[in-house]
Amino acid sequence: MATLATKKATLVAALKDLQRVTVAFSGGIDSTLVLKMALDVLGRDNVTAVVANSELFTDEEFDKAMSLAEELGANVQGTTLDYLSDDHIKNNTPDSWYYAKKMFYSRLNDIAANNGSAAVLDGMIKNDENDYRPGLKARSEAGARSLLQEADFFKTDVRALAQELGLTNWNKVASCSVSSRFPYGTTLTHDNIAQVMAAEKYLRSLGFPTVRVRFHNDIARIELPEARIGDFLVFNDRVNRQLQSLGFRYVTLDLGGFRSGRMNDTLTKAQLATFA
């Protein structure tokens with residue numbers, strides 16, 4: 001297996017070949033490492049960071065990503081995407097994330113064409129080759145590059161190099177689109193999205209940074225890391241009251257704990273194979 005130094009060298013060589021790039025930037029550790037390395041290798045004038053603002057991510061996440069890109073010294077621009085204008089996304093179909101990523105990559109390609117970039121870069125890593133990843137198909141169709149994935153970076157590699165480079169978010173908890181909180185086939189609205197976002201914000205304020213509130217109409221199913229379930233029990237009453245005030249009739253705690261991609265358990269083998 002290649003060492004971290006070897007993987008870093010592969011990443012540097014790939015960046016040098018591209019000369020000028022546009023980076024899809026979310027503020028997460030993966031895209032932060034891509035942006036930092038691009039800036040170090042190519043210089044500020046040859047790198048543009050793009051942050052998407054949409055209904056599926058919080059305003060707080062957008063603002064933090066914009067600020068972080070600026071702190072890193074990047075030329076950064078925000079772009080607004082109306083994901084709910086696409087019926088596949090609005091109806092949360094099993095392939096909805098393909099259409100969401102397709103919309104984003106299309107916007108990124110337009111921006112890259114305008115600034116003369118040789119490529120659009122994202123933060124996908126080797127771990128992203130597993131599970132159900134419709135975003136991989138959208139990326140391939142758009143011609144975007146995942147240099148971390150190409151250089152065999154796993155999450156442990158990303159965190160190690162990010163820490164080595166002094167990136168403040170090297171151990172940041174991963175986040176993802178709020179659509180992942182809804183069962184496939186659930187119609188996404190501004191109201192139920194806001195309901196879930198408010199519930200998760202409240203739970204994070206209690207000291208649970210890794211949390212998911214899965215939406216099942218009038219039922220909120222809370223997922224936490226199994227090691228934190230015991231800590232959570234002292235907050236039962238206040239959490240129940242707060243989430244009921246947000247519109248949930250029943251508030252439940254999933255004893256199976258947190259697991260990313262949980263909603264994909266309902267997909268058939270044929271559906272999973274669509275984007276394999």
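Placed from the backbone N, Cα and C atoms, the Cβ positions cover glycine too.
Taken verbatim from Swiss-Prot:
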- Cys176: 2,3-didehydroalanine (Cys) (MOD_RES)
- Cys176: active site, nucleophile and sulfur donor (ACT_SITE)
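Counted within 10 Å of its Cβ, the other Cβ atoms near Cys176 (2,3-didehydroalanine (Cys)) come to 15, all protein chains included.
DSSP gives Cys176 (2,3-didehydroalanine (Cys)) a coil state; it is part of no helix or strand.
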